[in-house]
């Protein structure tokens, strides 16, 4: 016999440590610690001992007893299938009315395992002495549980051919409680007398008590969907053809809320026990880890909550408006901004692919982001809640204060000789001065080139040299994981012998010693802080270049993407307003990106500030000083909108849901994902454990080159599908085509997915205007693939689902061709991560003499993964075959301790491909930890 404490996963949220430390009940053997050692379908008995008086979290123990011997003692030997038999009087919870099993569960367990079957048993089931003994033993070991009422649940795991979700609730007598001594078996009819009934039953032994119990049995391996009966006050829903279901509690919260590949290995019991007006509610989740798991049903789409939709900034009419007249639509969006000189034409596409938007208009970007909000009377509104990495290092800056800082910086830059059209390199951590520097440049018509502060001196040098920057703005150092690291040192190396650089402006951030070059180097506080707060912004042409942002190129030389003023700000402001449904008067928005990337430019600086929003800017890493840091920040500022990357979401998944569960995240009302396609499991985990099971998620697709979001759900309109970017935003035109440019048609969900190329077939306001100094490279890179049609080639593979929604699969070089089948690395990675034992996965294609390309996978396992590496590899191959196709089974699966990632969190698949094909590694300078390849090679 084994005894253990199980904690509730819902309110009251008692942790296992809380319960066990309070009552000194220690498991000698964890139940099902080795599920492979037990017969797969053998029943077990769980006896839940709760104290007679409901008490708060941590004071009421929950003892779980499992015993193979006890289970065998309660297995019927001469009774019909499905009858729960015992040897002493008890009250079965499923007796009449609501207690009827609905629908019946049909089991294919052979009679030799269940005993002979004939007829129907009615009358009084009996509890065996071994059951009573086990209960007494368990309860006696929990001192606070002595004299408790013991609720027994006999559960038999159904074989693969059965698929059901059953609800068991007690019959209620006139007094509202079942009788302890008069109980009946579940009613049956002549028509179903021969049908095997569920072995699930609930018995209440002891004092009368009202008991509500829900259990979701696993559906079949064939994914036949099942209907869950609904108890009063609860609801259930299923996804078409996906073999998934959700059973919700009385509070309409999913009991099964993570992905099907996790839930398929779990049995969840949600129990509410009431005495008079007082109720105790708890959920118990029991891992079964079956060797051939099937999939639970979960919704395939998640519509927005009714109250969210009713108050959303964007409605479905926005699509119709844009469809009716696309240019008139963009004209209306541009007029949300303040133009010193109105534009005369919306678009000039005569020199395609070089676009001109809002022709003739003049605008100042910084004025639109700062001054106009102050002039509108919102100067006291907080623009930035800045949180430094060292705990306690924080400050809040209002729009009026931000305006003063930007004006001072603009005056200082003017004094240094900068004029419109010059370039400034910004190499800084996430501190307010970085945003001030960007806005000061925009105010002057000076192009800023922000370089991620994690890049090396050589990478910085290449960008300074290409842009011919006159000024570099940096800081003495930055904080990373609690330590101060130098930045000025890298700048000194990068600007050595650079004739274009006249000055280096340095912010004091960490106080570390730095080398100093007199005549070139200047302290920010001595230069900017002394300048005047009065500055009149000049208006610039709509096509005035706003910034350069370098992105990686296939040739190895970074591409300087050029974005201009009017079109970029129009789309940045429009998408931020509608995709994130921002309410400037009440929202606190947080985008976790770095300003060194385009997400930081558009959705930290220009989008939020143009809309007058209050936002959080955080300097440090998500796990410094602890893995709770992000959630502490959300709590501290009452963040309502949270926009982050799938990489970080998967990091949180590996840390465990108990981390976000220990914080009050109820302020969150919208979540966003950016940077790469998000796998459905991470999407559902994100919604359930960070969004409280209710927040809409906007999965956004866009690029450095597009400047702003292009494909995304509208949160108040779209029933979002986990893993899908859904449809182009109003005003955006995108399609998926084959090699010849023919548009693909929506395919059946269960059929083999047909992958095509994602293209943009109409110009858009925030589109890049070129590659700095290389117009031919601009044409060759983005417009030559479908030059005849005049389409922008995004470089991403994508597919349509049966509803015509877009699923972006990643870079086209991440689409493998295996025996003529085009298979996305993202699809295979999603299938692998869907396994309950996998924390993270990366997939690449490697050359293969037979199939052209073969699939190679690199997998990080969870600490809780069962079985040895060889067994796990076979399980994962089978998982991919089941989820996608046998043709997609990886040729190689390597279990590794870590994956190679850049400082922006992206997996370097190019280097994994080098490993898979046995080549020497390419450049590893952008990796966080190049030494990870030693462990990866050791795994081969």
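Backbone N, Cα and C atoms are what each Cβ position is placed from, and that goes for glycine too.
Residues or ranges marked as region 'Unknown' in Swiss-Prot: 1-289. Taken from Swiss-Prot, the feature signal peptide covers 1-33. Taken from Swiss-Prot, the feature region 'Disordered' applies to 70-127, 157-202, 224-274. Residues annotated as compositional bias 'Polar residues' in Swiss-Prot: 72-95, 107-120, 258-274. Per Swiss-Prot, the feature compositional bias 'Low complexity' maps to 184-202, 224-245. Taken from Swiss-Prot, the feature region 'Acetyl-coenzyme A synthetase' applies to 290-940. Annotated ATP binding site per Swiss-Prot: 675, 676, 677, 699, 700, 701, 702, 703, 704, 796, 811, 822, in sequence order. Look at Swiss-Prot and you will find 833, 835, 838 tagged as Mg(2+) binding site.
Where Swiss-Prot records a feature, it is marked here on the structure.
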| residue | record | CB count, 10 Å |
| --- | --- | --- |
| 675 | ATP binding site | 19 |
| 677 | ATP binding site | 28 |
| 700 | ATP binding site | 25 |
| 702 | ATP binding site | 25 |
| 704 | ATP binding site | 18 |
| 811 | ATP binding site | 16 |
| 833 | Mg(2+) binding site | 22 |
| 835 | Mg(2+) binding site | 27 |
| 838 | Mg(2+) binding site | 24 |
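Residue 811 (ATP binding site) carries a strand DSSP state (E or B). For residue 833 (Mg(2+) binding site), the nearest neighbour among the listed binding-site residues (677, 700, 811), judged by C-alpha distance, is 677. In the three-state DSSP scheme, residue 833 (Mg(2+) binding site) is classed as helix. Averaged over the region 'Acetyl-coenzyme A synthetase' (290-940), the predicted model has a pLDDT of 92. The two recorded residues residue 811 (ATP binding site) and residue 835 (Mg(2+) binding site) have their Cα atoms spaced 24 Å from each other. For the recorded site, residue 838 (Mg(2+) binding site), the DSSP three-state label reads strand.
Considering only the binding-site residues 675, 677, 700, 702, 704, residue 838 (Mg(2+) binding site) has 677 as its nearest partner by CA-CA distance. Here the CA atom of residue 835 (Mg(2+) binding site) lies 18 Å from the CA atom of residue 677 (ATP binding site). When the Cα atoms are compared, residue 704 (ATP binding site) and residue 835 (Mg(2+) binding site) turn out to be 33 Å apart.
Cα spacing between residue 835 (Mg(2+) binding site) and residue 675 (ATP binding site): 23 Å, rounded to the nearest whole number.
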